[in-house]
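What follows is a short report on a single structure.
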Amino acid sequence: MHTDSLLIVGGGGHAKVVMDVAKLQADSHRYSLRLADDNLALAGTRLMGLAIIAPIALALAKGGRFHVAIGNNQARAQLNGLCQEAGMESHSLVHPRAIVANSAKVGGGSFVAAGAILAPDADIGLACIINHGAVVDHDCRIGAFSHIAPNATLAGGVTLGERVLIGAGANVLPGVKIGDGCIVGAGAVVLNDLIAGRTYVGTPARCVREN
């Protein structure tokens, strides 16, 4: 049982989804919730009933656990590092209506939304987002700071590098490897391995630019 505070970092739309799960867990885990953002205009305003602390640096001195609730992969990685440098411990959040196999692994600071499925031996890295209805099938490997958007499907044995975005409703076929920093557009179908640092869209997915 945790007895410290949990700092939610981020005051946008994704933070609402994260806060919903954090509130469900707060009583059983015995932690108090705090919320911080670097947008000074949000200081003192409320999100999901919690007053926002701004800037984030003001909230770090208290210590405790943290969860970065920001959809942008690069920003999430940077803020995760900032919180760890302050001596805080990352905290993962899994919605009770997600389906997570006993052998699946969820990395520190990762978020698994309602309706998501993590199949046997799926391995989710540090500070990832597995969004609503996303499917991560057996033996998939998801690199740190990646985001699987709502209703996207990774078939068995897919490997993602770090900071990969798989857009809403996209499908990745079995065994495909996707390099660091790739963006796969909404609804795309990925048939083959993807080169790092590029954006792919369409069916089948094709490269449209370097990121």
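Note that Cβ sites are derived from N, Cα and C of the backbone, with glycine treated the same way.
Per TrEMBL, these features apply:
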ACT_SITE  H138  active site, proton acceptor
BINDING   G71  substrate binding site
BINDING   H147  acetyl-CoA binding site
DOMAIN    6-79  domain 'PglD N-terminal'
SITE      D139  site 'Increases basicity of active site His'
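For the domain 'PglD N-terminal' (6-79), residue counts in helix, strand and coil come to 31 helix, 19 strand, 24 coil, using DSSP. The local packing around H147 (acetyl-CoA binding site), expressed as other Cβ atoms within 10 Å of its Cβ over all shown chains, amounts to 26. Annotation: H147 are the recorded positions among H138, D139, H147 whose CA atoms are within 10 angstroms of the CA of G71 (substrate binding site). Here the domain 'PglD N-terminal' (6-79) has a mean pLDDT of 92 out of 100. Long-range neighbours of D139 (site 'Increases basicity of active site His') (same chain, six or more residues apart, CB within less than 8 Å of its CB): P120, D121, A122, G156, G157.
A Cα-Cα distance of 17 Å separates the residue listed as 'acetyl-CoA binding site' from H138 (active site, proton acceptor). According to DSSP, H147 (acetyl-CoA binding site) is assigned to a strand segment. Remark: H138 (active site, proton acceptor) has A119, P120, D121, A122, G156, G157 as non-local neighbours, by Cβ distance under 8 Å and separation of at least 6 in sequence.
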